[in-house]
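Here is the structure we will look at.
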Amino acid sequence: MAKKSAENGIYSVSGDEKKGPLIAPGPDGAPAKGDGPAGLGAPGGCLAVPPRETWTRQMDFIMSCVGFAVGLGNVWRFPYLCYKNGGGVFLIPYVLIALVGGIPIFFLEISLGQFMKAGSINVWNICPLFKGLGYASMVIVFYCNTYYIMVLAWGFYYLVKSFTTTLPWATCGHTWNTPDCVEIFRHEDCANGSLANLTCDQLAERRSPVIEFWENKVLRLSGGLEVPGALNSEVTLCLLACWVLVYFCVWKGVKSTGKIVYFTATFPYVVLVVLLVRGVLLPGALDGIIYYLKPDWSKLRSPQVWIDAGTQIFFSYAIGLGALTALGSYNRFNNNCYKDAIILALINSGTSFFAGFVVFSILGFMATEQGVHISKVAESGPGLAFIAYPRAVTLMPVAPLWAALFFFMLLLLGLDSQFVGVEGFITGLLDLLPASYYFRFQREISVALCCALCFVIDLSMVQMAGMYVFQLFDYYSASGTTLLWQAFWECVAVAWVYGADRFMDDIACMIGYRPCPWMKWCWSFFTPLVCMGIFIFNIVYYKPLVYNKTYVYPWWGEAMGWAFALSSMLCVPLHLLGCLLRAKGTMAERWQHLTQPVWGLHHLEYRAQDADVRGLTTLTPVSESSKVVVVESVM
């Protein structure tokens, strides 16, 4: 069939761009015949494909991005990394990598989604040879959706247990406690014999009720990955409740998601402010904040500091997951995504920095109360959320109130990240379905199947060996290594294959002006260099996963982790090689064909220079001489 090329590629109408009663094109490129007038009805009485949704108001998009990108990592990981890597000095590599890596890629993904009006896979119709990036992001976000919700389930469990007069993790004597359990004490108490005449050396071997509640009651931790054990029925119910909540947040699309995030994205800030006010009034809070910010300039010479800064930026900005492109795809075509990206990046990093004051004011109080150095109580990740902070609130007046506030904030921080991640996955999935496969309740059923599948996989994490499985997912599947790999190839595809100047023109077409040239320079040079540099450092300084500094994973457990990582990382080269091998012609012809963009219907007004093409609408019949052939794939 004859093909008519536009200025920068060939046109393709994606399913969600067909308005009203329109249906997919027939095999000859013309609209397929239907039962309605002029053949425009759906064939055989099939349902019409609805137009792609857009945000009710632009603030819905802003709040959704805040809810997704600002998550648990901002509260429980950044403050610890800042303390561990030289205090205020850590802000130097953090800000530098944000400027040359985080913000440019953050903007790239949002603008790409807005321009292509597609989810994480079809967005790469801009450079079809690199569609493997879309499949890779779908794999990564699926892994994230699977294991991330476990933190919500644990947080929900702690929240329920907080509604008691005495917190269950504050005292010994419960069925899950061992004879080695000793309640919270000051370090000097052991020296003067006020704790049952035990010496400090003897007490060092005893266990806190907070740790025993976490390991023996919540996790019911087994001896290793090879001993899966039974399900924890209480945590399983909490997990099920979380998945039901996520389902009803996502099932109706961005119209419902955009409303829910107004609460889930803003209320955690209210709780953070309340906790900060409470924290700074506690004894020892100032010491904790000083430890958080105290500069250690020698740390700048350590490669690990730069690795930690880079991985934290890419993880907290939610880069490489495909969800940002999905959220951007629901924007109006002329939305100022450049301004939005800058604002969102500042909110993200600002939240991380602010959360450090909240966390370390509490940890400073905790260290003072126990008479130990703050390094003994500083934790990161689940250790902060479920050991350090629960221990701290037991020392406060009205402990259940502060525990309930903290875990409610934790639940909300994770909830919007979770359901927006699921939204990104579902968007990419539904964009793949041809228009002819559309059916009523397609979204609702797809979301239900996704949630059900993830729930079944999550059952492996509520067993006695569940924490070992959780750590495998966390350490390998969505690690800094996989996200840096994604970001590197995104820069290559857009800046070097499609063309950085060309994409800057596309952005100008949307927002009315070209962004700062810094973005183009970053996409072309600085960002890929930073990504590849930190990626290589990650590989060179790789350390096998160890749980709680004691349990070493078996070789097959580590192999499983690397399988998680490689299942996404190999999508890019395998798809690229597969396309080149299947295509026909010389290598130059294959490359030219496979890197030619496939435009959507909404690009006609902006991309086509031919008057016939510019005036084309799907409702207006055209002559054979001026017909534009619509193709669905470049393969």
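Each residue, glycine too, has its Cβ placed from N, Cα and C.
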Please verify against Swiss-Prot: do Q58 and K376 share a side of the membrane? no
Are there 3 or more C-beta pairs under 8 Å linking the transmembrane segment (231-251) with the transmembrane segment (445-465), counting only pairs at least 6 apart in sequence? yes
Within the same chain, where does the transmembrane segment (61-81) have neighbours whose Cβ lies under 8 angstroms from its own Cβ atoms, ignoring anything closer than 6 residues to its ends? I mean 6 or more beyond. 55, 90, 110, 151, 254, 257-258, 261-262, 264-266, 268, 272, 292, 308-309, 312, 315-318, 323-324, 327-328, 330-331, 335, 340, 343-344, 347-348, 351-353, 355-356, 358-360, 378-382, 384-385, 410, 413-414, 416-417, 420-421, 424
For the topological domain 'Extracellular' (291-304), what's the model's average pLDDT? 86
When you scan the chain for residues with a C-beta under 8 Å from the topological domain 'Cytoplasmic' (326-341), skipping those not six or more beyond its ends, what do you find? 52-55, 58, 61-62, 64-65, 68, 103, 106-107, 109-120, 123, 254, 420, 423-424, 427-428, 507, 510-512, 515, 602, 606
Can you see whether the transmembrane segment (521-541) and the transmembrane segment (342-362) are touching - at least 3 CB pairs under 8 angstroms, only pairs 6 or more apart in sequence? no
Report yes or no: does the transmembrane segment (395-415) come within contact of the transmembrane segment (139-159), defined as 3 or more CB pairs under 8 Å with a sequence separation of 6 or more? yes
Chain residues outside the topological domain 'Cytoplasmic' (416-444) and at least six past its termini with a C-beta under 8 angstroms from it: 14-16, 18, 23-24, 46-47, 49, 64, 67-72, 118-122, 134, 137-138, 141-142, 144-145, 148-149, 152, 242, 246, 249-254, 257, 260-261, 264-265, 318, 321-327, 329, 450-451, 632
